[in-house]
Amino acid sequence: MPQPDPTLVAFPAAQPPVKPPRDLRIDMFRGLALVMIFVDHVPGNPYEAFTSRNFGFSDAAEAFFVMSGIAAGIAYSGRFLPDTLRRNGHWAAISPIWARAWTLYLVHVFLTAWAIAIFAWGASTFVLPELRQAINLRQVFENTGPALAGVPALTHQLGYVNILPAYAVLLVCLPAAIVLGLRRPWTLALLSALLWYAAGHFRLNLPNYPNPGGWFFNPFSWQVVFVTGLLIGLALRRGERLVPRSPWLFWPALAFVVLVLVWVRVPAVAEVLNTGMAWLGAQGAPFHIVAHDKTFVSLPRLLHILALVYVISSLGWVRSLSGSRIAAPLRLMGRQGLLVFSLGTVLALTFQVMMAAEPDLSALPWVLPAAGVGLMLAAAWLREEARRRMPRPVGKGQVARPVAPVSRAAAVPAE
């Protein structure tokens with residue numbers, strides 16, 4: 001049986017928070033999620049067979065939102081403690097979060113412009129007009145005015161460039177979630193679950209324009225994954241666990257993870273179980289309870305990521321691995337998440353065009369993703385080196401010497 005994690009408390013009574021040592025698992029898993037997102041965003045490469053979406057219902061997107069919620073809870077919640085609020089005021093607590101949301105918005109618009117430019121260049125240079133129809137670009141080239149107006153309005157989002165808007169919206173709502181989570185965590189969890197259910201039942205979503213429908217990453221649904229991470233982060237900042245380590249929880253969670261693995265990997269099992277889920281749907285079960293829908297984070301996907309997070313967080317060797325030299329590249333990329341994600345997005349879209357232009361060049365699917373990960377790692381290293389060498393002011397008329405970088409997994413979410 002795996003050894004219990006030394007921090008086992010769930011939702012204790014309010015007490016003075018003690019900030020624990022940084023949890024390197026956050027860096028490692030965020031870096032891993034970013035690598036998998038990048039690999040999955042270059043379709044047709046051999047490495048995508050090894051990303052998490054091939055071994056369960058959830059994928060790297062759920063991991064991204066969980067990690068973002070955890071990091072947000074650790075990084076920002078201290079500003080909302082009663083003594084800190086009385087000393088610094090509410091705006092000092094809220095403004096850094098909203099500034100971060102604004103940064104994510106600007107990065108999203110920037111990446112969207114790059115996506116349009118890359119595919120327009122590819123269509124013209126390689127005489128591939130079909131590229132103008134790819135990744136939801138048809139409206140941009142055939143209905144240009146409304147589509148371009150929809151880019152800054154966040155109503156027209158391109159494929160592979162659509163995760164940051166939901167994240168930014170959630171950050172706008174984060175101050176209220178932190179306040180409630182610090183005082184009534186179970187109430188926040190219940191309200192989040194109710195909103196998730198209502199979004200699926202009533203098809204609540206933010207609108208697309210000029211295309212019909214709603215956002216691919218529906219914030220009304222994906223908030224339940226983010227809030228789960230937020231509650232974990234609030235507990236970690238106190239040096240505690242959100243949910244106690246217990247064999248009565250660990251083994252059922254592990255059994256479910258294994259069942260899902262068999263479900264997605266064994267066609268005969270998948271046929272039987274999917275038929276059963278379809279039968280439940282025909283009997284009137286809500287679609288987001290029995291389907292595998294990503295936009296509304298259907299129940300199978302949600303249960304899978306919750307079980308996976310619980311199992312992984314209960315394994316002591318995972319904590320040891322996260323601090324090892326083997327995990328150092330992932331930790332580095334995780335610490336520079338926004339830079340790595342942005343560069344990875346531009347590279348992935350460029351590689352898609354290159355592979356479409358040279359479909360018979362068999363080396364490209366092998367070389368390009370590997371080169372892309374190398375470039376992402378190099379960019380993260382250069383960013384940390386630049387920060388390390390930057391003098392830090394320590395007082396009036398004084399300048400501190402450059403210092404070695406410290407893990408910022410818990411300090412700055414998704415950067």
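Backbone N, Cα and C atoms are what each Cβ position is placed from, and that goes for glycine too.
Predicted automatically and left uncurated, TrEMBL annotations should be read as such.
Model, not experiment: these values are computed from the prediction.
Residues or ranges marked as transmembrane segment by TrEMBL: 63-81, 102-123, 158-179, 186-204, 216-236, 248-266, 302-318, 338-357, 363-382.
Residues 129-132, 134-135, 137, 140-141, 151-152, 154, 157-158, 160-161, 164-165, 167-168, 171, 338, 342, 345-346, 349-350, 353, 356-357, 414 of the same chain, all 6+ positions outside the transmembrane segment (102-123), place their C-beta atoms under 8 angstroms from a C-beta of that stretch.
Contact between the transmembrane segment (302-318) and the transmembrane segment (158-179) is absent: fewer than three CB pairs lie under 8 Å, with pairs separated by 6 or more positions in sequence.
Among residues of the same chain six or more beyond the transmembrane segment (158-179), those with a C-beta under 8 A of the stretch's C-beta atoms are 37, 41, 61, 64-65, 68, 72-73, 76-77, 80, 93-94, 97-98, 100-102, 104-105, 107-108, 111-112, 115-116, 134-137, 188, 206, 215-219, 222-223, 226-227, 230, 234, 345, 348-349, 414. Counting only same-chain residues 6+ beyond the ends of the transmembrane segment (63-81), those with a CB under 8 A from a CB of the stretch are 17, 19, 26, 29-30, 32-34, 36-37, 52, 88, 92-93, 96-97, 163, 167, 170-171, 174-175, 178-179, 181-182, 222, 225-234, 236-237, 305, 309, 334, 409-414. Between the transmembrane segment (216-236) and the transmembrane segment (248-266), the number of CB pairs under 8 angstroms, six or more residues apart, is fewer than three, so the stretches are not in contact. Non-local neighbours of the transmembrane segment (338-357) in the same chain are 31, 34, 37-38, 41-44, 103-104, 107, 110-111, 114-115, 118-119, 121-122, 125-126, 128, 130-131, 134-135, 160-161, 364-365, 368-369, 372, 375-376, 379-380, 383, 414-415; each lies 6+ residues outside the stretch with a CB under 8 Å from one of its CB atoms.
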